[in-house]
Amino acid sequence: MRTFLTWSDNVNDRDGNKLPIYDLTFKPDGSQLIVGAGTEVLVYDVAEGELIQSLKAHKDNVYAVDYSADGTRFASGGADKQVVIWSSKMEGILKYSHSDAIQALSHNPVTGQVISCTASDFGLWSPEQKNVTKHKVPARILTASWTNDGQFFALGLFNGHVSIRNRSGEEKVRIERGTSPVWSIQWCPATDKEAELLAITDWNQKLAFFHINGRQVGKERNLGYDPTCVSFFSSGDFAVVGGSDQKVTLWTAEGIKLGVVCEKESWVWCCKVKPKQNYVAVGCNDGSISVHQIVFNTVHGLYNDRYAFRENMTDVVIQHLVTDQRARIKCRDYVKKIAVYKDRLAVQLPDRIIIYELFHDDATDMHYRIKEKLQKKLDCNLLVVTSQHIILCLEKKLQMYQFNGDKEREWNLESLIRYIKTIGGPKGQEGLLVGMKNGQIFQVFLNNPFPIPLIKQQTPVRCLDLNLSRTKLAVVDDHNTCLVYCLKTKELLFQEPNANSVSWNSELDDMLCYSGNGVLNVKTGTFLSHQQKMQGFVVGFKGSRIFCLHIYNMTTVDVPQSTSLERYLDKKEFEPGYKVACLGVTESDWRRLAMESLEGLNFDVAKKAFVRLRDIQFLDLIKMIERMKSDGKYEMDNVVGEINTYVGKFHEAARLFKRASNHARAIQMYTELNMWEYATQIAAETNMDPVEILKRKAQTQQDRNDLLAAASTYIEVGDYIQAINIIGPSGAVDRLIEITPLTRCLYYFKKANHYPYAAECLVKMGDISQLLQLHIELMQWEEAFRIAETYPEFSALIFLPYMEAQMNYRKAGRIDEAIRVLERLAKNAVIEWRFNDAAYYYHLLSLEHLQTIPDEMDYKKLSENQLESLSAFEQYRQTSEVYFAFQSVRKFIDEPFTSHVSESLLSMATFLLNTTMKATTPPGVSKSYVLYGLTKIARSVGAFKLARYGYERLQNFRIPAEWENISDISSLTVRGKPSNDRDDLQPVCFVCSTVNPMLNAKGDTCIECKERFIRSMYSFQILPLVEFVLADGVSDAEAAHLIAKEPSAQRADNMDLERKSTKKGRSKMSSDHELNRHIEGLDRSGSILKLDKNDLAELRSRDVFIQDWGKACLGRRYFKVNHVDASIMMCPHCRHFFMDDEWNYQYLQEGACHFCRSKLETHTD
């Protein structure tokens, strides 16, 4: 510990008389010092020591000053019985008075409340309340102090008592110290203490510490003088005490005296520590004011990985730098010096030296015990400990003491000793390196009275270190230069600038580090230094860890050794590279060292590196090379070739094997690598038979389950039987067709159910009988009949199976199986987007369900299952129509061309939307497709209102990305079009002549009469058909007979098919017709058309269609063409309507109904 006077001043009155300084205080930020001198309050600048201002508000001596914790105001009080509150701008805020002189002032650190103390009472002033609450006391108050939390304050009284009170003024604890006045007290400001600690000094010449509960902490300390002031450092670790001995002394918070801060020429009345800094302000009776800086030196010692340092001036902390374990030794006295050596620790105290030793021999043990105590007061600049001695450095002199205190030897040197380092040795014979101010370096052995000169340089030595092999010495001089010498030749090897400390690596002989200017340098051999940022001084270097002392903290820096290793590898210096790697490198660095050592033929280093990597493969390679050496078969090309094989340089390895005439090894390498092309190439170059290589290739492919490749290889060598035996069980029948013999292939084709290849095989074999039988098994009747036409002699084989297949399910009564097969076909068609096929299968499903109902059974007699079948018939029929229409709409969007005109596509889209508006949309039918198609068609035909509706609905759907831009642009452009649809596009009901909107939320029906529209199953245009019913008393047979007769031409032409009014006596529908309504799903709220016998006789047969399913539960439905020019056809199988020209066009193209795919001949028969 050292102290320095920062500045001082003397205060006199006008007559030159010295004014006592009774109190002073720092501003919390440390920028100002407030001093009470005479009747004035002086404000000093702490940094410069200049007087800023003199405040005059008191009429008598100022006894007390104190600053608030927030720095906004301070208070002063004195013999004039007045308390003045000042602002931080040194302006008076308010003043209040007591009946006696003010002895002490103190601010609450939390609330700012001020306590002012006198001989008879104390007052509490609060900034918020602006009033003073006063409390009587039994004796004069000499000092006061608040706790950190502001909840309590302590008062030191003239009668020797200390009163601890809450902030309301109520006494909670009283400490009776005798009859001597308690002149100064202060609470410890540290917040990390377990309990509040109060320091008390009284004129019984004692220093004592107490908890807030009144319990004394530790023993009282005899001061030997009357104390007048005590002040804690901000950390709470230390305190300063001043008094009648005219000194200010430094103490620990445990009451241990550390030393003298300053000596004055008169009593010290006050001393205060600067907040958060090691500065002390002192005021004396002679009017002197001074500020002193306290510098705490770093006291520490280091040996290898054990570091000891002083903490809190009285404790020694030993730290293991590798394991980071710590141990603390409480010396309870001022620690002056520390030294460490192996298992020894020496601690110098003011009047003795204590030597400790490790409790165990364990290298990581941190338990020390006292070995010896050297009870002598010895002064020294440096302290060194060895296994049996203590060495003291006194400027130019070295003194060696035994642990019992006997002085054994002394060395007198020519110059001041700057640095000492213990370099080890036998017990009692250890060696020391001593660096001198004159630049000379000696080696001193404890058993030799004569120092041995090593190096003489021109500059003073600051730091030095010896390398592991003791052959090189590194020295740092006062010019911040690191110089490295060879001890054998005494020559300077190299020097590096910007160094303040140096250390050799204790595990690697040729590596050192040095620090300076915030940079750490690591130098290996003669390579350039590797640099990285680091603050502090290098004090040790072990392996890849550097120990750095920064201010008071020892830190460990991990240094990557990859750079040093890389430099050695670049120069092919594998042995030192391995030593560097052992210090600590990454896995990839070890791999590089191993591989480059192997390629450099340094098998010892490679082996050790691969052992470190646990790479068995390369260790086997090295063992094989060693065996080749021992067997006398060591040939360089073969060895290097084997190494190249292991490192992946296969072509280079093959080149070396061929150069060594070891072609078999090259072929073996390529075959093991499945590089068959190169293996066969070498075989061809050496006239070897490649068949064995190819067979091995095929066997390898077969082992890898690459059966096709294996078969191809067998074919290449002509082993067809083996190829067939491989391909056949694997199911890869597409390859069998390329292989002979065909009979074996045919067996596997049939076994794998791959009939097209089986048929091709039979064609190649010319076995027509087996080919025809194959088509019959597959029920491929068209192919079978084509073969029969070509070869009539086989016709008898085809007819019987064909007839049986046609009647199989129905004869077996397995209608449920037939329905199940059709449902599966329909679902698959939907999944594959074959919606025409889906419509066809759903049509067949509807017929299958209808066939389950007996022909003559009335609706009322149907069972529950038969009602379900009837409902399924209607549902599947409607579903088939939806799929049939959706197929054309989807093709219009996805394909560039379509056979339908725009108006037909518009009808299909509106039909789909109307039909699915209320009902559930069938699977696979995308409304977004329908809406997108609707908008495109509507814009093209001028239905702009409908297009707007479609774009609005599309906003609610997630559509493909390629549609989004088109849809957005079209949605904007259509707004510039008229807001209506073309009149000729509006659908017209042929029953009530009502013009309908294109889209109807209630379904595909008329909005007025609720009649369902009858559409063409090709163009989906609304047909001019009107449904009618027979009047009461007219049977279906009579109606058929009357319709078949042709009426007179005039009567027929004038036939009006408007609805007959109720005036003619036509009644509403009877209960019998309600059954038909239920079956058809029609909502007829108005009157229905009924025709009697006379009306029926006037109808032309070509204008009437009778929809008869042959089921009594359904009944017949009658339709009349309501337009003289309309020519309409009804498919007799599916009972759907078509325009005559549409029917003829499709029938010419397809030879069957466009919807149900049934041929007309079938129906006419």
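Even glycines carry a Cβ here, placed using N, Cα and C.
Residues or ranges marked as domain 'IFT122 first beta-propeller' by TrEMBL: 14-193 (among others).
The repeat 'WD' feature in TrEMBL is assigned to 55-87. Residues 20, 22-29, 34-43, 93-110, 112, 114, 116-118, 123, 125, 127 of the same chain lie 6+ residues outside the repeat 'WD' (55-87) yet bring a C-beta within less than 8 angstroms of a C-beta in it.
Positions annotated as domain 'IFT122 first beta-propeller' by TrEMBL: 194-295 (among others).
The feature domain 'IFT122 second beta-propeller' is assigned by TrEMBL to 300-554. Mean pLDDT for the domain 'IFT122 second beta-propeller' (300-554) in the predicted structure: 92.
What TrEMBL lists as domain 'Intraflagellar transport protein 122 homolog TPR' is 561-927.
Nonlocal intrachain contacts for the domain 'IFT122 zinc ribbon' (983-1026), taken as residues 6+ away from its ends with a CB within less than 8 angstroms of a stretch CB, comprise 881, 884-885, 900-901, 903-904, 906-908, 910-911, 913-915, 917-918, 941-943, 946, 949, 1057, 1059, 1080-1086, 1089, 1105, 1119-1123, 1126, 1128, 1131, 1134, 1136-1139, 1142-1143, 1146, 1154-1155. Marked as domain 'IFT122 zinc ribbon' by TrEMBL: 983-1026.
The region 'Disordered' annotation in TrEMBL covers 1051-1074.
Sorting each residue of the domain 'IFT122 zinc ribbon' (983-1026) by its DSSP state yields 3 helix, 9 strand, 32 coil.
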